[in-house]
Amino acid sequence: MYKQSWKLLGRGQDADFTVAYINARIIDPESKLDIIGSLLTKGDKIVDFGQDLFNNGIPSTIDEVVDCNNNILMPGLIDIHVHFREPGQEHKETIHTGSKSAAAGGVTTVVCQPNTIPTISSIITAKYIKMRALESAYVNIEFYASITKPDNSLSDMALLKEAGAVGFTDDGMPVMNSLTMRQALSYSSMLDTVVAQHAEDLNLSNNGHINEGTVSYELGLKGIPDISESIIVNRDIALMKNIKNVHYHILHVSSQDSLNIIKQAKNQGLKVTCEVTPHHLTLTEQDVITHGTLAKINPPLRTENDRLSMVEGLKNGIIDCIATDHAPHEVNTKELPLDTAAFGIVGLETMLPISLELYHNGTISLIDLLATLTYKPANIIKVPRGRIKKGFVADLIILDLNHEWTIDILKFASKSKNSPFHNRKVKGKVLRTIVSGKTTYTAVRNI
């Protein structure tokens, strides 16, 4: 059992406050550093690290010493796909509760999706998100702005980028209009920012509920065919081919056919990136039978063949990063029949241990897995985080890699508990989360 505690981030650590992290296994996935040593922070920055640091003793001027007890000290996770529901649906989640959940999961930076009420398609809403983050967050809050306004016209992308947007998407819904998508890709290339697509042809998905296949037929439910995803991926890649310097990102990819198209585009030199969720790496349509509406998500859990393709795509680099699509819902929207229940699961507090299953079962190396959770997502949104380097922001976590525990949704910090991973036995526990040099979360074992 662990006692958990949190501290709001505010403006980060005091400028002159120093912290020495000793007896650490320091891992930096980008440089492939993996050493036993120490690390020093001052204010919000990493000052120094190495095997020989503090060999002559820790200076008395150091304000705080944290003994890592040979656990891993690594960059904090970066989740570029979360729904914090604020403004408009604060009964599901808020920036406060969502970021508290992130801190508990070792996630030091999140990117909020813009399908709030109202959407992040105006400067006013963008400013509101930034204000609420400063007031109530435990981690760094970034946001995508909407590609379109409520009337389906193009958002003022230049002003929204200036207001802090790290990219553009209509996630929750696709951009179905090809002309609008082409215009968004064109403008984004001029702004040097990313356009992210929720790839779903609504005519083909046709208000389906789960993957079209064996399980949908067995349960008598309308299915969502995998071509509804791949056809939009194919269309968008065709649209970007004649636009210079454009970056196109596919959210929560789920089908083998989509991956084949993405692989071909990358081989042609196009700047195409994509993400996969932990649940699409570990669950299939069969889990809908076991977990019911807790396994109802969009895109749906697909076949075992698709799942294996996701794992292989992550290993070989076709898939760039892991992101949760953290989608909180209150109980009464999930305790319904499959054909009426809401889509989505929460994922911030299970992101790391579920992803680590791929390491613990020998599928992928630890360094390569952690890369997809740290600097690789940072590269997609162009933020200087996810690395251990001198002068870089001190966004760090301490991880007990082999600690075994059982997921308990009732202990989630998130306001919502909709997860199919309840009672799953996992390995890997976040003991401390440090954001801008400031500890915002600790888990201390009860004796």
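For all residues, glycine too, the Cβ spot is worked out from N, Cα and C.
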Further binder of Zn(2+) 1 named by Swiss-Prot next to HIS81, HIS83, ASP171, taken from the candidates ASP306, ASP320, ASP325:
ASP325
Out of ASN55, ASN115, ASN267, ASN379, which one does Swiss-Prot list together with HIS83, PHE84, ARG85, ASN298, HIS329, PHE343, GLY344 for substrate?
ASN115
Could you say whether, by DSSP, HIS81 (Zn(2+) 1 binding site) belongs to a helix, a strand or a coil region?
strand
Which recorded positions are spatial neighbours of HIS81 (Zn(2+) 1 binding site) here, meaning Cα within 10 Å, out of HIS252, ASN298, ASP325, PHE343?
HIS252, ASP325
For the recorded Zn(2+) 1 site formed by HIS81, HIS83, ASP171, ASP325, name the remaining residues of the chain with Cβ within 8 Å of the site's Cβ center, in chain order.
VAL82, GLN113, GLY172, LEU251, HIS252, ALA323, THR324, HIS326, ALA327
Given the binding-site residues HIS83, ASP171, HIS198, HIS252, state which is nearest to HIS329 (substrate binding site) when distance is taken between Cα atoms.
HIS83
Taking the centre of the Cβ atoms of ASP171, HIS198, HIS252 as the Zn(2+) 2 site, the remaining residues of that chain with Cβ inside 8 Å are HIS81, GLN113, THR169, GLY172, PRO174, ALA196, GLN197, ALA199, GLU200, LEU251, PRO299, ASP325
Within a 10 Å radius around the Cβ, which one of these recorded positions has the most neighbouring Cβ atoms: ASP171, ASP325?
ASP325
ASN115 (substrate binding site) to ASP171 (Zn(2+) 1 binding site): how many Å between their Cα atoms?
7
